[in-house]
Amino acid sequence: MTQISRQQYADLYGPTIGDKIRLGDSDLYVEIEKDLRATYGDELQYGGGKTLRDGMGSENFLTQEAGCLDLVITNVTVIDAIQGVVKADVGIRNGRIVGLGKAGNPSTMDGVTRGLVTGASTDAISGEHLILTAGGMDTHVHYIAPQQVEAALSNGITTLWGGGIGPVDGTNGVTTTNGPWNLEMMLRSIEGLPINFGIQGKGNSTGIAPLIEHLEAGAAGFKVHEDYGATPAAIRACLSVADEYDVSVAVHTDTLNESGYVEDTIAAFDGRSVHTYHSEGAGGGHAPDLLKVVGQNNILPSSTNPTLPCGKNSVAELFDMIMVCHNLNPKIPSDVAFAESRVRAETIVAESVLHDMGAISMIGSDSQAMGRIGETFLRAIQTADAMKKARGPLPEDAPGNDNFRVLRYIAKVTINPALTAGVGDVIGSIESGKFADLVLWEPAFFGVKPKLVLKGGLVAWANMGDPNASLPTPQPMYYRPMFAAYGSALQKTSITFVSRAAYDKGVADRFGLQRLVMPVSGTRVIGKAHMVRNSYLPNIEVDPQTFAVKVDGVHATVKPPQSISLNQLYFFS
């Protein structure tokens with residue numbers, strides 16, 4: 001049998017088992033654990049003189065209707081919270097992931113995975129020197145401006161979850177779309193945006209009828225926010241409706257402790273599944289000890305990207321952010337005191353440590369309301385790297401690689417938000433049958449700038465050169481919408497998630513929606529144990545004077561880094 005060197009193989013087909021990949025300019029290295037392509041020597045590859053040719057790697061007679069793939073991503077390195085770090089061909093058909101394995105022509109190739117047959121209907125992406133992840137999900141979005149979609153796609157985010165109606169004061173502070181009319185208008189508006197949406201209704205009501213009204217009008221879940229009164233009574237009422245209608249509830253708790261302390265809010269949850277925003281408290285919530293929520297098995301904790309990783313300037317920028325977002329006046333002492341109560345360096349530093357331990361399960365952006373929607377993937381990988389440098393290897397990592405740590409942070413922006421919202425059966429990981437929302441990255445730009453963003457199996461967003469050039473690559477290179485972002489293809493490759501109540505009442509027909517409309521499900525049975533690679537339940541103590549955080553009796557702190565990877569090397573500003 002003919003043999004080639006490992007270096008030659010990597011040049012031709014990319015890395016394989018045992019090879020390591022550095023992620024950007026970070027100190028994070030992933031190592032390929034498995035190669036799902038069966039055997040060496042029968043690799044499928046597109047290009048001149050390559051194997052994806054008729055009668056070779058391309059089956060002669062199979063039609064698309066009979067199962068031929070629409071798209072194959074060949075020889076790609078998959079980094080996925082469920083799959084791990086693996087080498088595979090990935091097949092896509094009818095907008096869904098068919099599977100991972102060995103693609104090609106079973107008449108001429110050994111070990112072709114069932115369903116991954118290529119033929120005349122198949123196009124190709126050469127993944128030999130690329131990394132594939134699931135599209136990211138931003139679980140904390142203020143719908144302030146539709147242009148947020150462009151920034152989100154430019155960092156590999158393919159699903160937005162939040163609420164709002166534009167740059168009004170309520171939306172600047174709260175991620176809810178309030179009432180049936182506003183919900184209808186937003187559902188109509190997002191028809192033209194090439195990204196998945198879930199809209200949260202206002203959960204601040206002790207009356208049941210207004211909450212049900214939100215769900216029947218198309219809300220996919222609820223948000224209870226302190227600006228509208230996050231009282232125990234409102235929380236209990238909202239959770240009761242959520243239990244009946246199977247939708248998620250997110251809560252931004254009471255910073256001022258006016259209606260109770262963190263223990264009172266936890267008691268109001270009554271053991272029911274709830275997603276706590278700003279679990280570190282800097283973005284709002286019970287001061288100073290909201291972090292205690294990360295030790296509860298029914299609470300699904302997230303935090304937002306402005307304080308991740310905690311750098312030397314993180315604390316300094318928070319005060320002005322809070323004043324603007326929550327309609328506060330720097331001339332009013334009580335408003336200033338409110339803002340200052342959130343800015344606690346000790347709890348902000350502990351946030352990064354708790355993420356690294358898997359105690360905080362998700363990362364969102366808090367878009368234009370303290371956070372940056374185009375940096376959610378980026379901040380996740382930056383935090384992973386900063387924590388490796390500060391805390392060393394994780395106990396779960398194998399010698400010589402950072403696979404577990406990287407996968408832990410990938411889970412925070414992919415599968416865990418999807419599970420929390422009740423859409424984990426549709427998106428969030430690279431698994432057979434799921435919607436083909438996928439992101440391709442060059443290793444040098446991993447987490448920073450994707451190469452291609454696929455929505456429903458079609459390219460929606462890409463780093464594209466001059467359209468008048470002789471090649472796709474001449475300058476100016478910048479992100480541009482692709483064909484999945486135009487025409488009726490947009491509606492076939494993007495999903496609007498709604499409650500089952502709205503779905504059953506025909507919300508799509510009532511509002512004339514052309515996008516794919518899907519109901520959420522399974523939200524009330526999700527607990528911390530379901531958070532992939534992020535299910536740790538520590539005992540948290542917060543000193544009321546110094547704000548020092550102890551995790552299982554150990555002070556949780558690191559020195560803020562003076563410089564951060566994946567940062568100024570990659571950006572002009």
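Every residue gets a Cβ built from N, Cα and C, even glycine.
Going through LYS223, LYS312 against Swiss-Prot, the one listed in the Ni(2+) 2 site together with HIS252, HIS278 turns out to be LYS223. According to Swiss-Prot, the residue from ASP11, ASP356, ASP366, ASP385 that belongs to the Ni(2+) 1 site alongside HIS140, HIS142, LYS223 is ASP366. Using the Cβ center of LYS223, HIS252, HIS278 for Ni(2+) 2, the list of other same-chain residues with Cβ within 8 Å runs, in sequence order, HIS140, VAL174, THR175, VAL224, HIS225, GLU226, ALA250, VAL251, THR253, THR276, TYR277, GLY283, GLY284, GLY285. Under the DSSP three-state reduction, LYS223 (Ni(2+) 1 binding site) is assigned to strand.
Annotated pair HIS252 (Ni(2+) 2 binding site) and HIS225 (substrate binding site), C-alpha to C-alpha distance, rounded: 5 Å. Surrounding the centroid of the Cβ atoms of HIS140, HIS142, LYS223, ASP366, where the record places Ni(2+) 1, the chain contributes additional residues within 8 Å, namely VAL141, GLY162, GLY163, VAL174, THR175, ALA250, HIS252, TYR277, THR304, GLY364, SER365, SER367, ALA369, GLY371. Summary: among the recorded positions (HIS140, LYS223, HIS225, HIS252, HIS326), the fewest other C-beta atoms within 10 A of the C-beta are counted at HIS326. Applying an 8 A CB threshold to same-chain residues 6+ apart, the list for HIS278 (Ni(2+) 2 binding site) reads HIS252, GLY284, GLY285, LEU290, SER302, SER303, THR304, ASP366. Neighbour list (HIS142 (Ni(2+) 1 binding site), Cβ cut-off 8 Å, at least 6 residues apart, same chain): GLY162, GLY163, GLY164, THR171, ASN172, GLY173, VAL174, THR175, ASP366, SER367, GLN368, ALA369. When the alpha carbons of HIS225 (substrate binding site) and HIS140 (Ni(2+) 1 binding site) are compared, the span between them is 12 angstrom.
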